[in-house]
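> Copied straight from Swiss-Prot:
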type: DOMAIN; residues: 314-507; note: domain 'VWFA'
type: CARBOHYD; residues: ASN55; note: N-linked glycosylation site
type: CARBOHYD; residues: ASN773; note: N-linked glycosylation site
type: CARBOHYD; residues: ASN849; note: N-linked glycosylation site
type: REGION; residues: 238-273; note: region 'Disordered'
type: SIGNAL; residues: 1-28; note: signal peptide
Amino acid sequence: MLPADVPLCHLGPSVLLLLQLLLPSASAFFPNIWSLLAAPGSITHQDLTEEAALNVTLHLFLEQPPPGRPPLRLEDFLGRTLLADDLFAAYFGPGSPSRRFRAALGEVSRANAAQDFLPTSKNDPDLHFDAERLGQGRTRLVEALRETVAAAKALDYTLARQRLGAALHALQDFYSHSNWVELGRQQPHPHLLWPRQELRSLAQAGDPTCSDCEELSCPGNLLGFTLLTSGYFGTRPSKPPGKCSHGGHFDQSSSQPPRGGINKDSTSPGFSPHHMLHLQAAKLALLASIQAFNLLQSRLGDRGFSRLLDITPASSLSFVLDTTGSMGEEINAAKIQARHIVEQRRGTPMEPTQYVLVPFHDPGFGPVFTTSDPDSFWQQLNEMHALGGGDEPEMCLSALELALLHTPPLSDIFVFTDASPKDAFLTNRVESLTQERRCRVTFLVTEDPSRAQGRARREVLSPLRFEPYEAVALASGGEVIFTEDQYIQDVAAIVGDSIADLVTLPLEPRVVVAERPLVFRVDGLLQKVTVRIHGEVSSFWIRNPAGVSQGQEEGEGPLGHTHRFGRFWMVRVNDPPQSGTWEIQVTAKGTPRVRVQAQTSLDFLFHFGIPMEDGPHPGLYPLTQPVAGLQTQLLVEVTGLGSRGGPGGPLPHFSHVVLRGVPQGAELGQVPLEPRGPPERGLLAASLPPTLLSTSGPFSLELVGQDGVGRGLHRAAPQPCAVVPVLLELSGPRGFLAPGTTAPLSLRIASFSGPQDLHLRTSAKPSFALTSNLSRVHLEQNEAAWGRLWLEVPDTAASDSVVMVTVTAKNGEASTMPPTHAFLRLLVQAPAPQDQLPAPAYSTDPVLNTSRPAFHFFTSVTQGGAGGGLVGNPWWTTFGVMLLLLGLGPW
């Protein structure tokens, strides 16, 4: 093992090469990059988290050469910005989408930043290594890492990423909030991840640690000692005499003697009295974050770790199947498509990462079957057959809700049924859940809603009985396709198409209007364009920018190949499609559906944020949907910017976003997109107009810009958004749920737009007993209320099972505002015995080393004190602190 005080210049050439990647040049410890208007040039928690993840991903790619492709070389990444798009293109092949990986990193980064914003965490000193609570902070850090591993092993990667974000926040805060850097330490603390190793040389309650400093910058306010300390923040707990403050604009304790502080969160003296040590603290926090990632990798294995960060271009395959007696053809169609996907993609980068199967059959639904093994999935699906019965309606939305709970974000879910939903009361909740999970739902319905024939019915059914499916499909960015039994196998072929990374091209107008063509735009970064039309169509034609047309005749045409399956038409446009404006003219009875999709690596992720100024640090608190009355930012992350007109050509860019009403498509406004950080990161922000934030209806986002050679680009968000009337925050207990216990939950509800009379409903899935002390609440503008919930976990609750708690806030019956939902995922785990750790390999005596090793900062476009040598074993592995660096030695 490598002693902790070995100078980095002695680590060898391969390690020094890696360090060029590790160290950003100038640009935690503000929460996210959106904080940097307050302190330009600072390194944030988001920077540290993403840089660490990219480095570990590169390490994983270097260790495992891609099948059928040349191995990656570390030298090819030196002196360049380390970007997810470049890593995926080098490993999986040009154009391989990194969208899911970047979305997973976004989940971790937002959970990290949320520690500074959530009411239950922002002022807890144990979660930030504040107030000299170093032992307690280490305990909470290790707990969060344990919870990350447990959630990942239970296949709940969303919860695992949330706990990982919390763990990384605490780990990174240690180097900014303590005096580890001031003690001259050049490497991460050797004991933070070792719960059985004592933290030595800690300042005690009676030890004075700081002198008074009346300036913003306080380089010499630490007293001359070799004890480890950290600053006090705010008033809880109160700062004892002689102790250091955190310091900065937001810290009330810094005005009490001794004034000043020691935090290194930013480059600004107004926020960070030890701003001059910001880069040194960031370097150690980055190395420690890499160490934590590697330790998780050793515990989860390469496959489990890859799932944790979604290091794959592939999506998941999720089926919700009606198994009533009339569904034989549909079940066979699902089997055929699943078998085709399994056989075609096995062993390739596009092999689905997870398979989810949920059956339903009145009066029941489930259980859910989840696996990453294609053979197990196929066996389970192959054993599924149509059962007796056949009454309409069925428990479809309950089964879909269960699938959403277990399907990874950014996935497609396919529902096969010939019945309307019996549980239509779940429609709003399922709509919100699809948007929270960013999952697209496609319903394949083998029943014409206008016919009265088909399966047995208990009553005369309304022609509007399928409207809940339409609502869920619209909210999720999916669609409802009506077909007949004889065509279901052909129509189901869209399953194989849809699990590729597709974008839906915006149409103008959004719906078919008589005698008016639909217009869509094709750019040079699109391929495999597909036009789907379904309805009572009598004729249609498609025209390309050159004026070449093709009608509805089946077979090969001048623009592509046309297939017809009853009332469903599909045109596969020849590659490469001509760039420019295309038109579609449809003549039909009723309102036909038209959908245009294409494959591309250039896409975008987005979320919303509100400026926070009352927490420990400035930043943007992330939201799934904007909240009425709150100044809201749209935050965009463009993926696939490696796509350009030619090698070395200029990057594509987006200049503004168009906001449109849903479903008609009327323009609600345009707002400019402002870049944040280097252009190659693809980070953009826009302020939503106040007029939009008073709109109760859904709206869509369309990004507009140019490719690298000046041609137009249009990308639409896959799902519509909506302004919600109130802010709901739901938080759970520390750790996991244990069978046979009652878990307390906290609820905060706030209004920023005016008086609200709200009815609150709570539910848990599975159906655990859930009680609340808040069922109705009246709020005035800028008023909030707190509530408590108690979740009873039965003795029979299965370990490693996921519980989803939902709180719904709905205005009075006369209100047209949609309800607001908050979702909380919790994991049930039986208490485990304490980990038995081997004895230290050698002495744990502190080794003081205040001399600085001969380390040189390398230019990259990316971004001796307490304790002693590298000793002992962490609770999950035997690797050492410099694991990643040691692992590169043989290279």
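Glycine too: its Cβ is placed from the backbone N, Cα and C atoms.
How buried are these features, and what lies next to them?
Counting every protein chain shown, the number of other Cβ atoms lying within 10 Å of the Cβ of ASN55 (N-linked glycosylation site) is 23.
Cβ neighbours of ASN773 (N-linked glycosylation site) (same chain, under 8 Å, six or more residues apart in sequence): GLY787, ARG788, LEU789.
Same-chain residues lying 6+ beyond the ends of the region 'Disordered' (238-273) with a Cβ under 8 Å from its Cβ atoms: 28-30, 38-42, 130-132, 175-177, 179, 181-182, 205, 207-218, 221-222, 229-232, 280-281, 615-618.
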> Three states by DSSP: which one describes ASN55 (N-linked glycosylation site)?
helix
